[in-house]
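A short worksheet on the structure shown next.
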Amino acid sequence: MGKRAKITVVGAGHVGEHVAMFCAIKELGDVVLIDIVEDMPQGKALDMFEATPLEGWDSRIVGTNDYADTADSDIVVITAGSPRKPGMSRDDLLEINAKIIKAVTEQVAKYSPNAVIIVVTNPLDAMTQLAWNVSGFPKNRVLGQAGNLDSARFRAFIAMELGVSVKEISAMVLGGHGDDMVPLPRFTTVSGIPITELIPPDRIEALVQRTRVGGGEIVKLLKTGSAYYAPALATVEMVEAILKDQKRIQPCAALCEGEYGINGVYCGVPCLLGANGVEKIIELKLTDDELKALQASAGRVKGLIDKLTEWGYIK
């Protein structure tokens with residue numbers, strides 16, 4: 001019998017604590033929750049572990065402030081960083097969170113040199129590229145959670161529009177995890193039926209736009225923070241696909257090297273996820289308009305990467 005997987009979650013805020021909890025509930029492995037705030041991850045982890053007898057989950061959960069306790073992790077999920085506040089775009093967080101991601105990634109690479117890193121911190125695509133650059137890991141072992149969350153939001157809005165089960169809906173959202181993401185109605189179906197057969201074009205466009213600003217809608221409603229239930233579950237879906245070698249196709253932020261005409265930039269594309277992380281980028285046949293939108297989205301990410309390079313974060 002193989003040993004249980006070790007999952008480290010960096011950052012014990014709302015997203016991080018829920019990633020840890022959902023990993024434990026699904027018994028994906030033993031979980032280490034780490035944060036710079038003294039005693040806080042220990043308290044949250046203890047509370048979670050005290051819940052395990054009630055549902056009979058066989059996962060150990062520990063909290064720590066010491067990266068030595070994260071050594072030899074199979075997967076490291078990085079959620080640490082400042083969340084968005086009302087009126088902020090994800091890009092406004094660039095310099096604040098770059099310092100955090102650089103420091104965290106250096107520790108991750110030191111203690112878990114064979115791990116797969118999943119980045120959740122915004123601005124997502126740029127932070128994922130920074131983590132890849134700092135870690136020195138191969139590109140398949142550093143990826144970002146983005147498109148599967150955006151696709152889940154698109155699916156939720158379609159289900160609300162049609163009054164059908166979300167289980168019936170498949171959707172694909174590509175591009176950077178920002179306001180210029182690229183939902184693809186052409187690749188979106190309800191029980192195999194294209195949504196273009198079920199929803200008028202103007203309503204599809206409204207749902208696409210709501211998906212683009214879906215995170216901001218929640219920030220505006222909450223007023224004191226950003227979304228965490230859906231981002232956490234979207235992340236855990238990726239963790240599960242990798243640890244169980246499920247070979248699932250999910251849109252995530254991966255390093256493009258020529259795919260879709262995008263070079264040297266992390267961007268949301270359909271990825272085959274398995275034990276090696278991103279095992280393949282799937283190239284869809286996009287229309288000219290879809291491809292232009294995807295490349296424009298990647299261009300915005302490139303602008304953020306250029307700033308990080310100028311500031312000395314990316315070598």
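Backbone N, Cα and C define each Cβ position, glycine as well.
Keep in mind that what you see is a predicted model, and the values were worked out from it rather than measured.
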Candidates Asn97, Asn114, Asn133, Asn140, the one Swiss-Prot lists with Gly11, Ala12, Gly13, His14, Val15, Gly16, Asp35, Val120, Thr121, Asn122 as binding NAD(+):
Asn97
What is the nearest of the recorded positions Arg84, Arg90, Arg153, His177 to Asp35 (NAD(+) binding site), using the Cα of each?
Arg84
Which of these recorded positions is closest to Gly13 (NAD(+) binding site) if you go by CA atoms: Arg84, Arg90, Arg153, His177?
Arg84
Counting only residues 6+ away in sequence within the same chain, which have a CB under 8 Å from the CB of Gly11 (NAD(+) binding site)?
Ile34, Asp35, Ile78, Thr79, Ala80, Gly81, Thr121
Distance, Arg90 (substrate binding site) to Val120 (NAD(+) binding site) (CA atoms, angstrom):
12
Per the 10 Å Cα distance test against Arg84 (substrate binding site), the recorded positions Val15, Asn122, His177 reduce to Asn122
